[in-house]
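Step one of this worksheet: look at the structure below.
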Amino acid sequence: MATTIMILYVSKMNKIIHFPDLDKKIPGKLFPLPLLYVGNHISGLSSTSKLSLPMFTVLRKFTIPLTLLLEAIILGKQFSLSIILSVLAIVLGAFIAAGSDLAFNLEGYVFVFLNDIFTAANGVYTKQKMDPKELGKYGVLFYNACFMIIPTVIISVSTGDFQRATEFSHWKNILFIIQFLLSCLLGFLLMYSTVLCSYYNSALTTAVVGAIKNVSVAYIGMLVGGDYIFSLLNFIGLNICMAGGLRYSFLTLNSQLKPKQPVDEESMPLDLKS
């Protein structure tokens, strides 16, 4: 969050990008994104510690149908039967892929489903708040980080995580510091690319892209790394999941009702806007 604030503020001062200055209307325009943002992180970290990786991956796929549902309710979007079936194929494929690892953990299930809800709601509300005439994509990123950095530090202090971080033994290791700063930069790039994907496409497309990425990593893991244990059920599920994702991509790219690409007003000079 600190990296996001610094990069966007410096870019704004140098007139590389534009987003609204802070005023009393900003919190109202941004709400409830900051709460969803933190809820997403906390529930995600809690669920990963309670569930096995295959089961976590399966249950996280429920983010996709939840995103579809919330886009229909909040943004009023309508989806064709083909789109809905491709989304269901992704979820079905994920279930089949992890069918051999169905271990019940009530606390883990609660956290991961909360994580699904927070992730879906965060994606849909981010799409809603990115109107160039309001906060825009840079404003959403900047003020989301600004409003939540202090509460997040307070939470980390109260749980003891902040003290453990400050006592970490490698803060004098130059190589570690370089890698840590690079991870902060990559974290900003990840958030920015996710927001950019939702800005030019939809929250649902961003969720599906994430699912395809996970399956692609699984395919690569079969050939590289040597720790993949082949299972017919797992392989069939991965292929169904990938087929559903590719079908969704095909339908999205070839839709006759494809909207025009929005104009990036935030990067336009103020004189051109006027």
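Even glycines carry a Cβ here, placed using N, Cα and C.
Owing to the predicted nature of the structure, the values given are computational and were not obtained by experimental measurement.
Feature annotation from TrEMBL assigns domain 'Sugar phosphate transporter' to 3-249. The feature transmembrane segment is assigned by TrEMBL to 81-100, 106-126, 138-159, 171-192, 199-222, 228-250.
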*Under an 8 Å Cβ to Cβ limit, what residues of the same chain, 6 or more beyond the ends of the transmembrane segment (106-126), are close to it?*
32-33, 36-37, 39-40, 43-44, 46-47, 50-51, 55-56, 59-60, 62-63, 66-67, 69-71, 74-75, 140, 195, 198, 203, 206-207
*Taking residues 6+ outside the transmembrane segment (81-100), which of them lie with a CB under 8 Å of any CB in it?*
54-55, 57-58, 61-62, 64-65, 68, 204, 208, 211, 215, 218, 231, 233-234, 236-245, 247-248, 251-252
*For the transmembrane segment (171-192), find every same-chain residue at least 6 residues outside the stretch whose CB is under 8 Å from a CB in it, and list them.*
2-4, 7, 141
*Find the average pLDDT over the domain 'Sugar phosphate transporter' (3-249) in the predicted model and report it.*
82
